[in-house]
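First the structure, in the form of structure tokens, and then the observations on it.
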């Protein structure tokens, strides 16, 4: 069966051999703001005066938007990543499979809807994850749904329906395939039978599409001694940059190398490479608490190699942020600021000689005496933000400030007086809840036929008052990052451009002394570790 890719639209369709007249589409700009799908496509051949012809030997097909929408033929449109050759190749393979009649297979693992796509011969090609079937989403096929797109999800700093763009963002940020993230795209798939709560299948769905990676195990089935230091370091470097909130053993695939047998690999003899997948819970809207499964693995304590240090040194957080603005301009600016802060922290920490484990520790919150305390990175950001919004940059004594921070770190818990310390915080650190849903949520909600009146737009004042009555007052930030029983994060999206510049200046002034004056306290236990030791 012949399938072609149109260079203007990245759409695929079967050839129509009944017509030799080409119907051309006007060149419109794709709306990366996710995807305002109501954009009308112009069919220049609609005019009777249009006599544009190709060679009569070339079978032409209609790429008219109206014809595609009215046709029951499966097809795919690339919405994000279309400039990347590996993405276009992946989508071409998947398109050939689905127009040949391949059916998506729902995978039993995981909380969300993930579908395996195969060729006619049964070879695995890719895994598709519709955004309306994410964990907690209203169309979840595994009974864990109920929320509309745009509401806070499993992590309060990442909204339901926004995991797909983060999957693509992680791939775009993996320069030269350094961390081995599989090719990933964001696509609109039409007339393919995914799960739908209604009696009829939806005409189309937006989904992330990631190339399937053949593997022997996941990291949870082996002890960490089986993995190469290089693989652990490269995954860790990516996780730190994007502040991965969910790097557990199940989303690191294990590939044996050097033709090792299963017994050798499972006994921890030799080496195995890791492939990271599932990046839907990275780039949160605020500085949240990450989870790094590798934090206590011995490989993470090994110093970085010269190649790794050179790669880290060459990272440009501002160019990375601009890349995501270009490819995914619907991603929140606050998430891009998290990327910038974490990348700067990684670069400075690596240059100061810290290992991956030490860097991860300083980004991770600790639990002491049943209470969760702020991470070193959060403390730094809170102080830098307070300095920026108050405009007292020039008068700050950075050395004395960091001495106070070190004293707080020794205690392990931050207990402040509600009536004194909290009132001294600048008003801008206590900003209200979002009064509207970001544009991506609105567009996707419309796409999935979610009534706008179901979007989250109010805040439970009773919950807020209860939080204020608690004796343990934690770092103030944007309330969208607050779960009822979770610690708040540091929110950067409420700062103006000038304040953001002042924040970065203050942050970079505080950072060297913070890294120099703090020492690793050794590995600390992490709940949920699934690897053998």
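One is the number of the first residue shown, and numbering goes on along the chain from there.
Glycine is no exception: its Cβ is also placed from the backbone N, Cα and C atoms.
As annotated by Swiss-Prot, domain 'PI3K/PI4K catalytic' applies to 101-397, with the evidence given as sequence analysis.
Taken from Swiss-Prot, the feature region 'G-loop' covers 107-113, and the record attributes it to sequence analysis. Mapped onto DSSP helix, strand and coil, the region 'G-loop' (107-113) counts 0 helix, 0 strand, 7 coil.
Under the heading ATP binding site, Swiss-Prot lists 108, 109, 110, 111, 112, 113, 114, 129, 210, 211, 212, 213, 278. The number of other CB atoms found within 10 A of the CB of residue 108 (ATP binding site), across every protein chain shown, is 7.
Here Swiss-Prot flags 243-251 as region 'Catalytic loop'. Long-range contacts of the region 'Catalytic loop' (243-251) within its own chain (CB-CB distance under 8 A, at least 6 residues past either end) are made by residues 109, 155, 157-158, 218-220, 235, 276-284, 287-294, 338-339, 342, 363, 528-531.
DSSP assignment over the region 'Activation loop' (276-302) gives 8 helix, 4 strand, 15 coil. The region 'Activation loop' feature in Swiss-Prot is assigned to 276-302; the stated evidence is sequence analysis.
Tertiary proximity for the region 'Activation loop' (276-302) is limited to same-chain residues at least six positions away from its ends with a CB under 8 Å from its CB atoms, namely 129, 134, 154-159, 163-164, 166-167, 169-171, 179-182, 208, 210, 213, 219, 224-225, 227-229, 232-233, 235-236, 238-239, 242-253, 331-332, 334-336, 338-339, 341, 355-358, 360-361, 363-365, 372, 375, 377-378, 381, 477-478, 480-481, 487-493, 523-526, 528-531. For the ATP site listed in the record, the two most distant Cα atoms among 108, 109, 110, 111, 112, 113, 114, 129, 210, 211, 212, 213, 278 lie 20 Å apart. Long-range Cβ neighbours of residue 110 (ATP binding site) (same chain, at least 6 residues apart, Cβ-Cβ under 8 Å): 135. Within 10 Å of the Cβ of residue 210 (ATP binding site) there are 25 other Cβ atoms, across all protein chains.
Helix first, then strand, then coil: DSSP counts for the region 'Catalytic loop' (243-251) stand at 3 helix, 1 strand, 5 coil.
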